[in-house]
Each structure stands twice: as structure tokens, then as C-alpha cells.
Amino acid sequence: MSAGKVSIRDFLKKKGKEKITMLTAYDYPTAKIMSMTNLDGILVGDSLSMVVLGYENTLKVSMKEMLVHLDSVVRAKPRQLVVADMPFLSYEVSANTAVKNAGLFVRHGADSVKLEGGEEMADVVRKIVRAGIPVMGHIGLTPQRFLRIGGFRVLGKSKHEEEQLLRDAEVLEEAGIFSLVIENTYADVAKKITEKLKVPTICIGAGPYCDGQILVIHDVLGLSEFTPYFAKAYVNLKEEIQKAVNKYVEEVRESKFPQGENYKERES
């Protein structure tokens, strides 16, 4: 395991060299376990809206809820770079609101923030960066904007979409992002963006050519109700949890638990 706290500079140094690895985390125990691994970054993602809180999309999660989960992750003191997702309407209304909310995340222990959007978000990104807060960009399939782009689909098929994605990436880099998430685009498009930018790119569902990868922890652990085609379950914890719960129920009902080592009695 690598030693020391991962920094923005560490991310930048990995560009074109060693792949960056990121996962989401939303609570203390998960972040604590991750802190003992070689993982580079933790995203406290707005995906918690769906995988933790049970909402149907990412639009429902609030700043208050995001801050509660960020606090939980930060208390674990992970060595990884901690990135906080800015939820829907926490940065789109005005640049001043965006800076204020980004500042709240940093005050609560985030090392940086992530926000969705392309060139239309450049001024917002620029002002957050000028306030001294590192920003991770996010283009491609941006879940907070799924209504506008016509649902969840792979982007970059047409020449127009490809050119827009490239323009988004370049404008965001000029605005000061330190890295860029590319989600659910065609792999060759993500490759072109990666080759074009000086900052590292991190893919989710956009192929192997980026400078790094990020996945939702529930997908990796086999806990999701539905696993996206671009994800991979490295263990089936859902099945293991079911087995453990059923074993507990069985032992309690058959008076096999608790045993002597599980309780104390007064000596007569």
C-alpha cells in the first residue's frame, strides 16, 4: 500500500503514466476499509441518491444529505483524495451559489469538488477555482442532465456530439479543472479527449484509453440491483449477506446462538 495522503499533484503526475483508480464511498466503514488499500481517490458521489437512499435518479439528493455522507467518509481519515459531488441545483443557479456550496464541501473535509456539465459550466468552474477550490469536471452522460439529453445513452456517435464533447473538455481545462470524468461515451471519443488534454481523464463506461477509471462501489461489490454493462462485480456480497442473515436466523431459531462465549452469567 502506498504511504501518505494522495494530492491533486499526485493525480496530475499520473497523466499518461500510471492509471488512476477511483471508487465511490458514502460512509465511515467503507472509507475506512478503502484507506487500507492502494486506491487513489474516493468520490462521495451523488449516486448515493440511488444506491444508498433509494431514489430513482440523482436529482433528489440534497446538499444537506451530501454533507452528512461526506462527513462520514472524512471521519475515516482516508489517505485517498476525497472528491465531493456537487448535487443538482447546488451550482447551476449562480456562480456565487456554486462557490458558496463548493466552499461548504471543503470546510467539511473534501479535497476537491466535482460538477457536471461542459462549456456552459466554464464560468462557474473558473470562479470556484479562483476561490482556491480544486474542481474535477464531468462530461459525456451527465446523470443530472439525463432529461435534457434524452435518457441514459452512449454519447459521441455523431460528428456533432463528438465535436461538442471535445469542445467541452478543452473549455473546462482552460477554466482550470485538475481532472475530467468522461462518462458513457464511445471509447474512441474518450481516447481523443484524453490525448488532447494535459489534465488526466477518468473513465466510467467510456473505454480503456483514459488516464484512470472510476466505478460505483456497490457495483464492484455485487450489491447493486442492476449492474451496468460497463461495470464489473469483483465479489457477490449480496449473496454472502443473504447467506449470513439466513444462517443467523437459523441459529437463533434452533437455539444455537448465542453460545456460552457470547454472553456472561453471574456465578452462584
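Positions of Cβ are set from backbone N, Cα and C atoms, glycine also.
Of the residues Asp40, Asp46, Asp168, Swiss-Prot puts just one in the Mg(2+) site with Asp85, Glu116: Asp46. Cβ neighbours within 10 Å of Asp46 (Mg(2+) binding site), excluding its own Cβ and spanning all shown chains: 27. DSSP assigns Asp85 (Mg(2+) binding site) to a strand. In this structure the C-alpha atoms belonging to Ser47 (3-methyl-2-oxobutanoate binding site) and Glu183 (active site, proton acceptor) are separated by 13 Å.
Counted within 10 Å of its Cβ, the other Cβ atoms near Lys114 (3-methyl-2-oxobutanoate binding site) come to 26, all protein chains included. Taking Cβ-Cβ distances under 8 Å and a sequence separation of 6 or more, the neighbours of Asp85 (Mg(2+) binding site) in its chain are Leu43, Val44, Gly45, Asp46, Ser47, Met66, Val113, Lys114, Leu115. Across the fold, the C-alpha of Glu116 (Mg(2+) binding site) and the C-alpha of Glu183 (active site, proton acceptor) stand 10 Å from each other.
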